[in-house]
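Engineer: The structure under discussion is supplied below as structure tokens; questions concerning it will follow.
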């Protein structure tokens, strides 16, 4: 039976206004829109009155419910029947944890009530199209129609393909029907294999074969034999990549054989809790570094949010499934798309060439995709610290003559680093009889065909199959699985995981055969033991679906009870679905139908399928030199600063958490003005050291339209000039991931790919001492469609994205582009040696040209010398600022440095050649360094020692003020105010934020950027930052216990424990499941801290599901009430913990006036480094800090304080319960965005109780307790940041 329960309003006023404006633009007479959430409960038994009241209370979250009966035509948008939304999975979990076992499933829709003039059926279809994502949602016209969401179908049996009766044609038909993308020789191979077995294949076997042997999974092109211009080539592409490892194996521990590569890290204190006692402590051991970069291009073109989200999620799983289990740490993300054509902000180079119906626009991808990727990383608890963004779409005369080149099939890049224990780097052995386990969520009928689908050019497969390729994301589930993996590797030698792989393309049909085959075993499986939420799925759908957030593991049979215990504690679902066999055979039994859908020798599936040969021709580009007529430097500057590749990326940065883990030493945002221009990302290796890891990206795809090899060399060169900004040491410490994107089969591109791989793998990397131990290829970068009567194709340029990773010697020595105005000199190191080529530059692109000669690596020895010289200068602390030259050239390098330093530039380019345009806009490799004037001679001497004397040019100095002036020989070449340039550079991000977020907030942020008087972030402390007020109490040896409380989805508990640990506490890991099961109580604790993250993915209001699981459980409710009423206890709630505790007001004495915390005014997750002021309040944790003003990490989507009315706010203020407020850079309490990131009245962001014993706050002091983890800080701070005082105050209070 289904019950319907009304929910809160679903859209804010500005969202409704945006919809109305869109309808108006489409000439649809829509007058009013009201939207509210509607909940549907599928019940297995009726609820009594108390249970019904409990369910109603559970589903009461967010803004107050509307009291009126909605008017207008109903359009009900729900998830597509046959799918289960991530919201449903998490909300159902909460209902069960609150004791409502009668609820089979909760689901949520949005009911739109629309009052409109007379609309035709076709116009109503336009209206419904605007209101839902056809790939993931459906529209009903009555609330009762939602019954279809819970319809169950009978299981269907496996289907056989009549090969023996119909011969080869049966396989050809199945290939088309199932979208298998099998090549002719593979069809021959299967015909031969099954004829020899003497039986017909089942559909599931063919599907499994297609997934396991797709280009996506088998990399046939990279392993192929090559004939170019009639000449047999000596090596495959993959062999040339492996050559880098053969020449430079230094520091690599694992390459080419696992889900990620591993290199040597540093010996540090890894901080985690003991399995038996729950007590956190440091464990001195090597933290080796793993690295992986994936792409998720096809799903992102179809449905950008889930496409990018599952792209990030899959890459995170690759890291966790490395060796015998590892810890993902920090992420990077990247996008290449066609032109944005932002409405009202179209640029002169952006022509509309049309697109296929089945894919979305570049603007849609960049509106939704980055949000999906960021949301997954945020909810999982991984900071996203690095990225790139390129737009390209043009009709150009390239290798194949004049044609359309661009990214209708986008690149969505997801990568990152993690850490792994030394003894877990290599996978273990799978014993015969080992249990084969699926860890993670249930099978669902989604993402079918992803591996094969992404191996086809968009437009080759059936549109319905594209629907089937869409996936769905549940990062909170992945976090639970990762917590299990963490518990396993933390056990050291007792780790129950023998072998682990993630489940990705092809689902279990790819993952399980890979697992047993890699372990040298076969496997026998039971289909019906696989967890499934949809009983009507066929065997093919159960075995081959790509439901995300799953891992496959081999666990020794005697270790299963331990593994079961770990999973139950973390509430991570798992199922034992088979066991390893001696015989290399794969069998899958179906208990329901008592048959064998799969019964195959492993070598049929994974054996020597036919090897591909690529017989291709070389084509050379004949570009025309750049036509200069009508190009002025002033116009060029504005155009180039508007090009999204160059323009400010704030809209892509502040949506992503950049402080979680407490180990982020360098994020994108630089300096007191928080400008997104960092050269590279840097993390600390642990919470107790200055060793670290660095990541940087290099990418110059448009150059490939002129010169394939140069484009590849420049990608490596740019990654190197980016990562050089931190202290690494020997270049052999740097390892690269190479991600290759090409339109295989397009004239000239295959030979170009070979040329590019050879340039990097056989020549450049070996010469530099660089290794490429990991990478990926995507070989179908083309879209085809019909535009009117014309057949069109959009082919991406050959695109190599290089991600560089390295161990860092001292994270404190990372140099940023932030200029200083002390007596200084700016030096350009021009590795282009005066070539100043303008082919395929940003300048060429904004004038709709390609040019003829591009930049290149001009001298490999000098590139190596450059890296070594910069490393020497970093170690000697001779550099004040550093920024590489890249897209937009020297002009953009100097501008970005000036933006970061909020200063002027007085530059002279006389020594850079007579062609001023080329001097300013060429994109040859190089960098601008800022040094003290007194150090200039010594710095130039170091550069000369490294063979760079002929590359160094003095180009002026940074000056105070707002003028950006470039001269040559006394003549002004360009002059503008820095503020004007800053505003031009920011306009793309402003327009994107206006479209995507609350336009009022976007306008406020843009306005703030034009304020030259803004002093930037600054610090005023009312206490001595270096005084340790806890020291006398620590000296007694007593370590009071703090319960570090977490719920499923919480992700900030480790850094919280570390902060309390440093202040003299014993931090104990306490999971809500421990309290609910009675394994642990709160009576033995002096302090309770509820940590940040996304409990239950924030589905029933941030922190509200967590709070209700306490309030609706009598024993646990009493446990909390007793703790809060006990004198001499302290409690702290941060972020999600703050939201949760604000919902426990009925249990906490003196908290009656506390507000609720609701959706930010921007309607967006906000990750900022915000200035706050400590106000006079009873808070015991903030004693002695009153009046201090200092920055703090902020990361939340629902942090806005909501009070009932003005009287409530006045009472909260007059009682003095406000503990922290947001202030602007002038020190004034503010409600202006983004200084106030959530729109809270009077800047309120922390409150306390009347006794001061319980304090709750939205910002994260635990993420910045170390100076090094602050995005910016005064140079005189030592090891401890000012927020360490909170934790020491806690220790002092307990005496």
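Cβ from N, Cα, C; glycine included.
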Engineer: Which single residue out of 558, 884, 887 does Swiss-Prot record at the Mg(2+) site shared with 718, 722?
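Structural biologist: Between 558, 884, 887, Swiss-Prot records just one in the Mg(2+) site with 718, 722, namely 884.
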Engineer: Pick from 259-281, 282-304, 305-327: which range does Swiss-Prot record as region 'Disordered'?
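Structural biologist: Based on what Swiss-Prot states, region 'Disordered' spans 305-327.
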Engineer: Using Cα coordinates, what distance in whole Å links residue 315 (ATP binding site) and residue 1135 (active site, nucleophile)?
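Structural biologist: Computed Cα spacing between residue 315 (ATP binding site) and residue 1135 (active site, nucleophile) is 27 Å.
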Engineer: Cβ within 8 Å of the Mg(2+) site's Cβ centroid: which residues qualify beyond 718, 722, 884?
Structural biologist: 679, 696, 698, 717, 719, 720, 721, 723, 724, 886, 925, 927
Engineer: Please report, as numbers and ranges, the same-chain residues at least 6 past the borders of the region 'Disordered' (305-327) whose CB is under 8 Å from any CB of it.
Structural biologist: 136, 254, 258-260, 262, 290, 292-296, 298-299, 333, 368-373, 375-377, 380, 382, 412, 414-421, 424-428, 447, 470-473, 475, 478, 481-482, 485-486, 488-489, 495, 497-504, 548-549, 551
Engineer: Greatest CA-CA distance (Å) over the residues 307, 308, 309, 310, 311, 312, 313, 314, 315, 316, 317, 318, 678, 886 that the record ties to ATP?
Structural biologist: 32
Engineer: Distance between residue 1262 (active site) and residue 718 (Mg(2+) binding site) at the Cα atoms, whole Å?
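Structural biologist: Residue 718 (Mg(2+) binding site) has its Cα 35 Å from the Cα of residue 1262 (active site).
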Engineer: Report the same-chain neighbours of residue 678 (ATP binding site): residues 6+ apart in sequence with Cβ closer than 8 Å to its Cβ, ordered by sequence.
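Structural biologist: Those within reach of residue 678 (ATP binding site), by Cβ under 8 Å and sequence separation of 6 or more, are 386, 666, 667, 668, 669, 670, 816, 817.
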Engineer: Count the Cβ atoms, other than its own, that fall within 10 Å of the Cβ of residue 315 (ATP binding site), considering every protein chain shown.
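Structural biologist: So the Cβ neighbour count for residue 315 (ATP binding site) comes to 31.
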Engineer: DSSP secondary structure for residue 718 (Mg(2+) binding site), reduced to helix/strand/coil, please.
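Structural biologist: Where residue 718 (Mg(2+) binding site) sits, the three-state DSSP reduction gives helix.
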Engineer: Rank aside, I only need the closest one: which of the recorded positions 718, 884, 1260 has its C-alpha nearest to that of residue 313 (ATP binding site)?
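Structural biologist: Of the recorded positions 718, 884, 1260, 1260 has its Cα closest to that of residue 313 (ATP binding site).
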Engineer: Given the recorded positions 884, 1262, which one is most crowded in terms of C-beta atoms within 10 angstroms?
Structural biologist: 1262
